[in-house]
Amino acid sequence: MSAAPGIGGAYGAGKAGAPFDPLVYIKKPQVILRLVSLLFSIIVFGCISSGAWFGHSCQMHGDVNACGYGTGIGVIAFLLCIGFLIVDALFENLSSVQHRKYAVLADLAASGLWTFLWFVGFCYMTDAWRRSEPGANYMQPSGKGKDNIQAAIAFSFFSIFTWGGLTFLAVRRYRMGAQEAFSTGYDQDPNASSPYSSFPGSESGDPYQQPPFSQQKETPDYQPPTY
């Protein structure tokens, strides 16, 4: 796949059409943060699914919405990480600057939203767990599931920072692309010809300048006709 003319380095990526390098890909900051976020999301929804439920009740103060919220944002976060890891792998081969812009904007929107949702989830689950009463009918008598819930809450807190980092990187990539588009649109080639160079006199100076009197064509004095 050949690169489109003039496409190179847009939105923090190299020229389109470059061969895929797994080592370069895995070292990208956004890829590292996505992999960490993916792992955290697995821990959150895995711990809630395996230990936070007691029958049909959630052990976090019997609030089934707390368990459902943590599981939901964890599963969707996992899918988002998978999707954007694929986008990151294909990003170098996007020859259209407009398509790169849409990909970065989607990353920015999703990362910013999930930073907020993880913050809400952390506060929600922490408060529900704080109000839980040992020995209540929604709690397991043996205390089983306590470590799972605490792990889910802890890694939902860590996810705030990983998704916040992804948001920061997406903002930086978008600003880089916007600055490059601005400079490309307003930089002029000093060797380019002026659009007004075809007008007469543009090469020598003022087109309205009169030649010296000595160079003007001499006309004979006017003489009235004789009858």
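Every residue number used here counts from 1 along the chain in the order it is shown.
Quick reminder: no glycine exception, Cβ is built from N, Cα and C everywhere.
Record features (TrEMBL):
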- 25-175: domain 'MARVEL' (DOMAIN)
- 35-56: transmembrane segment (TRANSMEM)
- 68-91: transmembrane segment (TRANSMEM)
- 103-129: transmembrane segment (TRANSMEM)
- 149-171: transmembrane segment (TRANSMEM)
- 184-227: region 'Disordered' (REGION)
- 193-205: compositional bias 'Low complexity' (COMPBIAS)
* Taking every residue in the domain 'MARVEL' (25-175), what is their average pLDDT? -> 93
* Any contact between the transmembrane segment (35-56) and the transmembrane segment (103-129), i.e. 3 or more CB pairs below 8 Å with pairs at least 6 residues apart? -> no
* Asked: Hey, which bits of the same chain come close to the transmembrane segment (103-129), Cβ under 8 Å, at least six residues off its ends?
  -> 11, 30, 58, 60-61, 63, 66, 69-70, 73, 76-77, 80, 84, 87, 91, 94, 149-150, 152-153, 156-157, 159-160, 163-164, 166-167, 170-171, 173-174, 177
